[in-house]
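Participant: Following this message is one structure expressed as structure tokens.
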């Protein structure tokens, strides 16, 4: 059965979905077992249903043939499996696919990036973003709300269903998930962590913890909490070799400076097995802003005590941005300086930029309700880790 993609016209015409049924996509395995316990069922029934949901992308209880008819009927009365719908699809000349996914009356964006040996899905965690990184299109849209567990894992579910339906086209199944889409994942831990647990669960998508990566700009208290909650690979959105530059392009640095951030990163490395002893440093290359050889020397000195590999990211432009992309020659010189210090340094290949699906280009459709409030809190009061 081919996967239906809802048109924007369909989405705008459809009434808002209001249901008192439990959306099983909101439940990790522990919560799923608790739910089945309330139905008077044994825990293995939860495992059976999860296997149908995630191994087969099944959202119809009647298709779950190893579940007895009485239980299927009971589930239809009190529960549902409802993933967010794709309302627009764009395909890049390089094979990258970007989906606009409806979450309520707004959209987030999810990107599928196939390569020879893997297929990576870039997943959003919030509707918009409050951190206001100056080089990122998402940040310019403002912030509306956190995504629910079902809206996060639902992006993976929906993509897996589409790619599965497209097997005849030779598309690779999803092998890696990166929490690098719209939003700051650490500002939505309550929903991001259960979603990642489902990604890792053998009855969920069964991914290795080394193949699920969370990227953060540096919400230090939440990073410390993350290390006590789950073990996944970590990517650090650093982007500057000193506080002066980072204060300007990554404003959260005014609250949690580089020294404080990297200390938290080292604490996480000490707790984590997924990172194999080192994290990934993400560094966007902005022409004559942070890409000089002097900046490379500063960065190498800064990171000497942090086990890491470094990804240099050619900046991807968006309308109204005040920056330019570093030239290949400047990126090459920068990379060679870092390698001379012994750092593994990779220049990230730009994918999907012809459909605005590249790093920093995701925008979605955001009603900005809380951006100014979050800005004030970043400048003064501590940022709380909030749920939906």
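Placement of Cβ uses the backbone N, Cα and C atoms for every residue, glycine included.
Keep in mind that what you see is a predicted model, and the values were worked out from it rather than measured.
Per Swiss-Prot, the features are:
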- 109: active site, proton acceptor (ACT_SITE)
- 115-354: domain 'Radical SAM core' (DOMAIN)
- 122-359: disulfide bond (DISULFID)
- 129, 133, 136: [4Fe-4S] cluster binding site (BINDING)
- 183, 184, 215, 237, 238, 239, 316: S-adenosyl-L-methionine binding site (BINDING)
- 359: active site, S-methylcysteine intermediate (ACT_SITE)
Participant: When DSSP is mapped onto helix/strand/coil, what comes out for residue 215 (S-adenosyl-L-methionine binding site)?
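Facilitator: For residue 215 (S-adenosyl-L-methionine binding site) - judged by DSSP and reduced to three states - the answer is strand.
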Participant: At its widest, how many Å does the recorded S-adenosyl-L-methionine site span between Cα atoms of 183, 184, 215, 237, 238, 239, 316?
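Facilitator: Max Cα-Cα spread across the S-adenosyl-L-methionine binders: 19 Å.
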Participant: Closest to residue 215 (S-adenosyl-L-methionine binding site): which of the recorded positions 109, 122, 133, 136, going by Cα position?
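Facilitator: Considering only the listed recorded positions, the nearest one is 122.
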Participant: Quick one: pull the CA-CA distance for residue 316 (S-adenosyl-L-methionine binding site) versus residue 122 (disulfide bond), whole Å only.
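Facilitator: Residue 316 (S-adenosyl-L-methionine binding site) and residue 122 (disulfide bond) have their Cα atoms 16 Å apart.
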Participant: Can you tell which of the recorded positions 122, 129, 133 lies nearest to residue 184 (S-adenosyl-L-methionine binding site) in space, using Cα positions?
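Facilitator: Ranked by Cα distance from residue 184 (S-adenosyl-L-methionine binding site), first place goes to 129.
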Participant: Please name which of the recorded positions listed here, 109, 129, 133, 238, 239, is nearest in space to residue 122 (disulfide bond), Cα against Cα.
Facilitator: 109
Participant: Counting distance between Cα atoms, which of the recorded positions 109, 133, 136 is nearest residue 238 (S-adenosyl-L-methionine binding site)?
Facilitator: 133
Participant: Please report the distance from the Cα of residue 183 (S-adenosyl-L-methionine binding site) to the Cα of residue 133 ([4Fe-4S] cluster binding site), rounded to the nearest angstrom.
Facilitator: 11
Participant: Among the recorded positions listed here (109, 184), identify the one with the smallest other-Cβ count within 10 Å.
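Facilitator: Relative to the other recorded positions in 109, 184, 109 has the fewest Cβ atoms within 10 Å.
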Participant: If I take the alpha carbons of residue 239 (S-adenosyl-L-methionine binding site) and residue 133 ([4Fe-4S] cluster binding site), what is the distance between them in whole Å?
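Facilitator: Computed Cα spacing between residue 239 (S-adenosyl-L-methionine binding site) and residue 133 ([4Fe-4S] cluster binding site) is 10 Å.
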Participant: Roughly where does the domain 'Radical SAM core' (115-354) sit in mean pLDDT, to the nearest integer?
Facilitator: 93
Participant: Give me the non-local Cβ neighbours of residue 237 (S-adenosyl-L-methionine binding site): same chain, 6+ apart in sequence, Cβ-Cβ under 8 Å, ordered along the sequence.
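Facilitator: Listed in sequence order: 133, 215, 216, 217, 218, 250, 282.
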